[in-house]
């Protein structure tokens, strides 16, 4: 089940993966298998046979703060005075250096530069003076959350239970699924709620639930600590974000990172991307023959643009599905090589046409130029680029690999200059207000006074203030 779930989350990380399982409270140790590469290459029949147990956690990784090396593969496993512990982390600590100094000053050695290992070791530290050093893991988790309010979703496994943790700002996603009898058939939420659970799942995204026989239940709320045992799942505590601060769910999850069939804030990611395309058409219409997309995360927005304008949607690019996601390759050279082998042009749909080509975002500008050349070589008369998000202008220090302003093409060229640079007839972005409007149109607002999204990469407004040791 865990391996199938990780396959569904392969888009979130393609550099390494790992699974850790437990055979219960009496087990002396965890069963662990980790490695570099894609899920299907790491987990063979032989390795899966060793992963015995009735609970476990898994992780797929792409590097942000630490190198793409096997030593940084997650989940991390440590032995403590109160038993063995495994931790998997999505995100990036905003105050990493101050927490690292605190851990090192208390005599704990760190074997990597990974902030995920740092989180694991911080959980194992004795509490501050005057507090009992007991096996109260919820108290330890809560203390960590108060020290480091951004940015993480965590799954933390003991021998007989798993904790799911989302940071107080809700910056990274985390949701709960219920494993139900396969005979229930169609997805009807009211029916799912009444069924006895055959098991429970905690995941960054809901997109893999159906493939493992689970159904979406709800999101883990910002600051919430949930406990999963054989008896079920329950809320242990909620750590509120600082006073006068709003929640800050990463808006780039909607733009690019998440799979289209995942559910965030009560709405499907696909629906938000569709609305982004509609809003983009209102803001940046251009007369053309057809609308198309850079597959696959640009496709929903392209359909929205086509519906709003009445223009015909047609595919103009075919994608080699055996090539990984270009954006999350660890180096510029690998990203550029990825573009060359990733797409082919459907010349019959392109020749003699004026195209509006929709892409979800432009980060470094490595991919769009070669794509435009490919379309022109296939006979396109005009190529107008429309981007279903605002220009990325600032680094992300919270789990997306956008480390310096110098890498971001939006800081170097305005839309007119960028159009000329990449060989387009025109280029326009969706506005920040337009993106917010698309995201909030059908969003479930359970706590309206706290609703908010992190737009730091677009506006420079970091939810927890400016991070330490800025590398501008």
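For all residues, glycine too, the Cβ spot is worked out from N, Cα and C.
Please treat TrEMBL annotations as automatic predictions, because they have not gone through curation.
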For the Mg(2+) site that TrEMBL describes with 359, 360, which of these is also annotated: 297, 347, 426?
297
Can you find which of 207, 241, 250 TrEMBL lists as binding [4Fe-4S] cluster at the same site as 396, 454, 457?
250
Of the binding-site residues 250, 396, 457, which one sits closest to residue 297 (Mg(2+) binding site) when you measure Cα to Cα?
250
Taking every protein chain shown into account, which of the binding-site residues 359, 360 has the largest tally of Cβ atoms within 10 Å of its Cβ?
360
Taking the center of the Cβ atoms of 250, 396, 454, 457 at the recorded [4Fe-4S] cluster site, which other residues in this chain have a Cβ no more than 8 Å from that point?
171, 251, 252, 398, 399, 400, 455, 456
Would you mind ranking the binding-site residues 250, 396, 454 by how many other Cβ atoms sit within 10 Å of each Cβ and giving me the lowest?
396
To the nearest Å, how far is the Cα of residue 454 ([4Fe-4S] cluster binding site) from the Cα of residue 360 (Mg(2+) binding site)?
17
Distance check, please: Cα of residue 359 (Mg(2+) binding site) against Cα of residue 250 ([4Fe-4S] cluster binding site), rounded to an integer number of angstrom.
19
Are there any residues in the same chain, six or more apart in sequence, whose C-beta is under 8 angstroms from the C-beta of residue 457 ([4Fe-4S] cluster binding site), and if so which?
252, 392, 393, 394, 395, 396, 400, 402
For residue 360 (Mg(2+) binding site): DSSP state (helix, strand, coil):
coil
